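Look at Swiss-Prot and you will find 204, 306 tagged as Fe cation binding site.
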């Protein structure tokens, strides 16, 4: 049935000379690794009420008086460490992914890239798809695990700027077999040259209060141990989705529970974030005698500051100070051929929802 639906949609698109638009969304990046550019980016990012979910006046004080006077200078130095000759890694790899997904999907589709913050904007991407005379729209935020601060914020922006009458959304793919298989293949490729003592799956963290707002039920979860398998009671819980992704990848790799762990990075501010924290987890692993560590970042399909600098440089340095021998960061999926095919398959599968 799915194949027939896809075939009918393609025939209709060709007949009417209308393409199917695919909008890939990523978080965003500064235009350059300078203090002014980073300040502009952070101002837009942190002013989003879904990112800092406090009353508007309190958010303004936090952003403009506590963060922007200090953080842009520090962050600009971090961006300078990972900046590529072609530009921001996140933008370079995202554009590469967009191009290759477009080539894979073929002439009946038009693929555009929009950033929630910074350039190219979601509005600009939607205009490109409209100019290409697309009549149907598939929206795919590149956030495997659903959260209000990433996926919901991006989709809110799409709905505010969208003029397409027919739209379908892939709002999460944390357990999508094509995504899990792509991650597993990527890890296997790196195991050819490095055999770790332990695997650490490090995800972007969130303030704990975000889980409560998403419907995570406190009564069944103390957020200290591994989350329970996905069910109706925690299907919208970001933390539970991260643990489920890890379980599925570990199962494909034939890992025991003692061979891998899950932690959360990139916390900001003084509020309580979901645990365990990646930097604290490294300390515990060193105490257990782990020497060779492989770190995988499944919540980042495209390499960015959080993978290349936070893990690839800072965590690497911390691990060496703790007495570890090697910390190997697995690259993000970026434009890996299997991942490109996975996105194409997810897009085609979503056509049956129109």
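A Cβ is built for glycine as well, from the same backbone N, Cα and C atoms used for every other residue.
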Cβ packing number for residue 306 (Fe cation binding site), 10 Å threshold: 21
DSSP-derived structure type at residue 204 (Fe cation binding site), helix or strand or else coil: strand
